[in-house]
Amino acid sequence: MEPIPPSNGNKNNSMDKQPQQPQQPQQQQQQQQQQRRDQRNSKLNELNETERVRNRFISHEFHKLDRTKSRIDAPKISFSDSESESDSEFFLAKRNTNNNNQNNTSPTFSSANGKQSNLTQRKINTQIQSKQPTNNNVQPLTDDEGTINHSNHHHHHHNQNNNGNNNNNNNNNNNNNKISTPPKQEEKMTMNGLFTLRPSILSSESNGSSYRGFLNLLLILLITASFRLVILNHLLYGIRINLDLYKISEYHRWPGVMISLMINLFIIAAYLIEKAAAKQLLPDRICYLLRIINCAAVIIVPSGSIIAFSPNPASGIIVMILICTFSMKIISYAYENSKQRKLNPDNKKFVIDPTNTSIYPNNLSLRSTYWFMLVPTLVYQLSYPRSPKIRKGYLLRRIVEALSLSLLILWMVNQYMLPLVQNSIEPLEKIDIVLIVERIMKLSLPNLYVWLLGFYVFFHLYLNIVAEITRFGDREFYRDWWNSTGLDYFWRTWNMPVHHWMVVLIYTPMRRRGFSKNMGYFMCFFVSAIFHELVISIPFHSLKLWGFFGIMSQMVLIALTKNLMNGRNLGNVIFWISIVLGQPLVVLLYYRNFVLENPEWYRNVEPPTSPPVMPFY
């Protein structure tokens, strides 16, 4: 009877194991599914963390403009965001792909003290929807940031452990110090307060002096001298506006307008490509190839149309500016949607909240696509800051001001610049250095007026008009480039939409892939030089590469003058001299080349005679 219980026990064990045998493959399948979900979540977490740090890196690059030394009255203390700097190191560092994603922190190395720090992992959707502006007014940080943080931490615990007697002693010591150290100025002041140690107001030692009165005087002198030249020019030449230069060569075709309307084909193509990719109608490689073809065609096809139909140069320049603008928008549109599709592979948000257009792929509509093509920015995002309403009075004032100043620019070009450049053809052909220098200096004043007015009309008036109509909230289209003491600050601040596009679409991806800062800067200038050359050479049908090499040479000038002129007034003077004298020389060279290659444009235009020599009163 003793062997019976073991036999019964074996039967029971066998009976217990029998229902578990068919569950073995099911459990393995569940484990495999769980592993695939974990791997997928791990990859998504890594992409979300990379996207979060990418945004911090871009924000840190933009806020460098607030701390740059290449301007007048540059900040003496460098304000920095330590979190963004450490995030930037994490963004640029090579990470291990086999990270354990069960933890909520990812190791990074702080650029301040070289120690390992932890960055809390956040959801990218929270950052996009509730993004707070970075505050630059943080406490000043010296080079030894770790020492400051350690001292502050030690001081915090020290205050908690102090007793009341120590606090009283510290307060008494502080009061004694305040009483025993009066202001130095009061020690040197006489009894009646009439005399003290102080410099002259015009001395360099004087602080806080205002020279606004002198600025008003210089403005009055400038207006008076300019108005005198206007009267003198009218007495000698009369009204010399030539409307033949602005007429449309083929009224039945309107080549400039037709080429501009052609851009809509590429905008719709970009929308259809992203829509097909979101619905997975085409493979990823096919969508990637279609994006490249569309981005290249938006530049090549309209440029070839300008060469074929030959509109007048004024119309051609406007069309080429539109082509470059919309090509940059289409590239940014494809880049951001491709990135969002990787962050949302199953498009689950589309099912959860189909009405929210600030999440992918709900943003893929023809209306939102054209809204982005109209707003004054080149960087595509899922959401933008919006103004509450359209200010009709503000909009009307800006429109009237833009039309008035545009007519003023048209009058100045015809009345002053064209006669001067026409009179400069003969000295340029004879290579008469003295007359060439005289023409450049004579052309510098009207050219500077036209350039400044053109900047004000486009970047301040036109972009604000478009922003007001579309209720686009961010109106920082430029910064104080006129205070530049170096060319680096000028090129980063005079055209902020292009600067944003370069940082987001060129500089940041190159830095992410391990390229150096100088290589990123070089590629930004290279792309900018290509666009400048297209705007100039295509309308004038002349590929001389002067604009290309002129932009690329800026890198050499920046490298030579960056450390010498930072924050110095002399640097700002040299900057303005290069603007005042450099631009007229470029205008003369391109005009001479265009007249020699296209004499039919001015066949019926008589060159103006030189004015009689008159004494300067």
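Cβ atoms here come from the backbone N, Cα and C positions, even for glycine.
The region 'Disordered' annotation in Swiss-Prot covers 1-52 (among others).
Residues annotated as compositional bias 'Polar residues' in Swiss-Prot: 7-17 (among others).
Summarising the annotation, Swiss-Prot assigns compositional bias 'Low complexity' to 18-34 (among others).
Look at Swiss-Prot and you will find 95-186 (among others) tagged as region 'Disordered'.
Residues or ranges marked as compositional bias 'Low complexity' by Swiss-Prot: 96-105 (among others).
The feature compositional bias 'Polar residues' is assigned by Swiss-Prot to 106-140 (among others).
According to Swiss-Prot, the compositional bias 'Low complexity' annotation covers 160-177 (among others).
The transmembrane segment annotation in Swiss-Prot covers 217-237 (among others).
Residues annotated as transmembrane segment in Swiss-Prot: 254-274 (among others).
Annotation source Swiss-Prot lists transmembrane segment at 306-326 (among others).
Counting residues 6+ beyond its ends, the transmembrane segment (399-419) has Cβ neighbours under 8 Å at 233, 237, 239-242, 245, 443, 446-447, 449-450, 453-454, 456-457, 461-462, 465, 587, 608 in the same chain. If you look up Swiss-Prot, you'll see 399-419 (among others) marked as transmembrane segment.
Look at Swiss-Prot and you will find 449-469 (among others) tagged as transmembrane segment. Listed as Cβ neighbours of the transmembrane segment (449-469) (distance under 8 Å, sequence separation of 6 or more from its ends, same chain) are residues 374-376, 387, 390-391, 394-395, 398-399, 401-402, 405-406, 408-409, 412-413, 417, 475, 477-478, 494-495, 579, 583.
Annotation source Swiss-Prot lists motif 'FYXDWWN motif' at 477-483. Confidence across the motif 'FYXDWWN motif' (477-483), taken as the mean pLDDT and rounded to a whole number, stands at 88.
Listed as Cβ neighbours of the transmembrane segment (520-540) (distance under 8 Å, sequence separation of 6 or more from its ends, same chain) are residues 299, 303, 306-307, 311, 313, 315-317, 319-321, 323-324, 498, 502, 506-507, 510-511, 546-552, 554-555, 590, 593-594, 598. The feature transmembrane segment is assigned by Swiss-Prot to 520-540 (among others), with sequence analysis given as support.
In the three-state DSSP assignment, the secondary structure recorded for His532 (active site) is helix. The active site annotation in Swiss-Prot covers His532.
Sequence annotations record features per position, and here Swiss-Prot assigns transmembrane segment to 545-565 (among others).
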Take the transmembrane segment (570-590) and find every residue of the same chain, 6 or more past its ends, with a Cβ under 8 Å from one of its Cβ atoms. 70, 72, 417, 421, 424, 428, 436, 439-441, 443-444, 447-448, 451, 483-487, 490, 536, 540, 542, 544, 546-547, 550, 561, 564
Which residues, sitting 6 or more apart from His532 (active site) on the same chain, put a CB under 8 Å from its CB? Gly547, Phe548, Gly550, Ile551
Go through the chain and flag residues at least 6 beyond the ends of the transmembrane segment (254-274) whose CB is under 8 A from any CB in it; none is fine as an answer. 248, 287, 290-291, 294, 297-298, 301-302, 305-306, 309-311, 315-316, 318-319, 322-323, 326, 330, 333-334, 337, 364, 366, 369-370, 373
